[in-house]
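Participant: Here's a structure for you.
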Amino acid sequence: MYNHASSTGSAFPAVEFDAAIIGKLSQSGPRYTSYPTADRFQSEFGYGQFLEAVAGLRMRRSTRPLSLYIHIPFCDTVCYYCGCNKIVTKDHSKAATYLDYLKQEIDMQGRLFAGMGKLEQLHFGGGTPTYLSDRQMGDLMAHLHASFEFAPDQLGEYSIEIDPRTVSVERVHSLRKQGFNRISLGVQDFDPDVQKAVNRIQPEAETRAVIDAARDAGFRSISIDLIYGLPKQTMTSMEQTLDKVIAANPDRIALYNYAHLPHLFKPQRRIHEEDLPTPAVKLDLLALCIRRLCAAGYVYIGMDHFAKPDDELAVAQRQGRLQRNFQGYSTRAESELISCGVSAISAVGATYSQNEKTLEGYYEKLDEGRLPVVRGIKLENDDLLRRILIQKLMCNFELSIASIEQSFPIRFTEYFATELQKLKAFEEDGLLIVEPDWITVTPKGRLLIRNICMVFDRYLSQPRLGEAQPLRYSKTI
Ligand code: SF4
């Protein structure tokens, strides 16, 4: 019988690097920040369907906490590796117009959710949220506080992604005063050659000053984003970057795999392919990062996340509260996610809904007095079942079959007969163990969790017309 982390209350999931298995199973696949994945959203779902979902919550007198995502799409310069939906401009007047519309949307959402749960989580992402000036940010936060009832600072998780190149020490202190209590910094790599190759010059001293300021200002969690697989990265350069990251002592580290998809993301065409590490070196880089971070006391949370054992993310995982959403891993299970801003995705009730992707379309809808929802999906029972299953595997690396059978009217072995058959190959490779009551992902299988979850994704066997499936997703590792 395998020891189940949640049943034994034991330590964190260990992770084991097996280059041969990873090489064998590497393929393209979703990151499962949602299930069904965003490419399955339909244009038939719009503002009306979103209103119905909110009305459903009201009828059920929902008091589930609220989580709010605010998207600021602007950046001053472009990083060549970027795959985000952003607008690169030095004309900051564009942000003022955007803020006027964003506030309209916030007002409308605030009215729709008035009297429901408290806001316990806020996340500013982009683009570059700190593209906004200090005054604009203060004004926007005041607006948010007027529209939503925030949980007190010690209970709520209020985070912002910052680009250290755009903030001063004073600005960091100001962000804390404006109500943020967690901060995540884009670093990617400290090596000057790598920074040059991706058009993101960010001196180490500048980044360290921002981290120190965040600590002084009383931010509860400081997170650093790194990327492996960037041009000009070598084992030596990565060793040096890791030395610096570990010395900076952040609470969380996100280590993303650079997905080179120049046919999808135009800025990536400016990366010289000959500068990219070979697939073998890339795997060595990943192995090095995992080894160094674990040796430095970080625990592997899953996918691309590491955290200190006492960080809330690690604590939530130990307590089985970890969740996966559009910001990656999150400690707030069971909340309604309201997202404001161009291209932002909400998860309300049993629906997902996405806003207009262009500024023009976003402004036009709001001018008509409508929320700018243009696509989405209403989840069927099968979607809800598979979503829970994928969430559990992604967050806990194990699945209690009994708990699924208690929550859904199915016999697991019959309903998922085909999937269980497919899992046999993974079991033979030592990536998981299937028992009558549990599916448990082994330390060796944890880095390949996306592959395992893909078995339960029924949409992957239904390619969309005219789309070449392997091109839509990044490599699973
Ligand atoms: S990586 Fe971030 S800062 Fe760079 S262009 Fe993309 S969104 Fe902007």
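Even glycines carry a Cβ here, placed using N, Cα and C.
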Participant: Among Tyr69, Tyr228, Tyr415, which residue shares the S-adenosyl-L-methionine 1 site with Gly126, Glu161, Ile345 according to TrEMBL?
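Facilitator: According to TrEMBL, the candidate sharing the S-adenosyl-L-methionine 1 site with Gly126, Glu161, Ile345 is Tyr69.
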Participant: Kindly point out which candidate in Asp153, Asp225, Asp284 is recorded by TrEMBL as part of the S-adenosyl-L-methionine 2 site with Tyr81, Cys82, Gly83, Gly127, Thr128, Gln188, Arg200, Ala259.
Facilitator: Asp225
Participant: Checking the contact step here: among the binding-site residues Tyr81, Gly83, Gly126, which have a Cα within 10 Å of the Cα of Cys75 ([4Fe-4S] cluster binding site)?
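Facilitator: Checking each Cα against Cys75 ([4Fe-4S] cluster binding site), the hits are Gly126.
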Participant: With Ile345 (S-adenosyl-L-methionine 1 binding site) as the reference Cα, tell me which of the binding-site residues Cys79, Tyr81, Cys82, Gly83, Arg200 is the closest one.
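Facilitator: Nearest listed residue in space: Gly83.
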Participant: Of Cys79, Cys82, Gly126, Glu161, which is closest to Arg200 (S-adenosyl-L-methionine 2 binding site) if I measure between C-alpha atoms? They're all binding-site residues.
Facilitator: Cys79
Participant: Is any of Tyr81, Cys82, Ala259 (binding-site residues) within Cβ reach of ligand 1, i.e. under 6 A, and which?
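Facilitator: What lies within reach of ligand 1, judged by Cβ under 6 Å, is Cys82.
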Participant: Among all protein chains shown, how many Cβ atoms are found within 10 Å of the Cβ of Gly83 (S-adenosyl-L-methionine 2 binding site), not counting that one?
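Facilitator: Excluding its own Cβ, Gly83 (S-adenosyl-L-methionine 2 binding site) sees 16 Cβ atoms within 10 Å.
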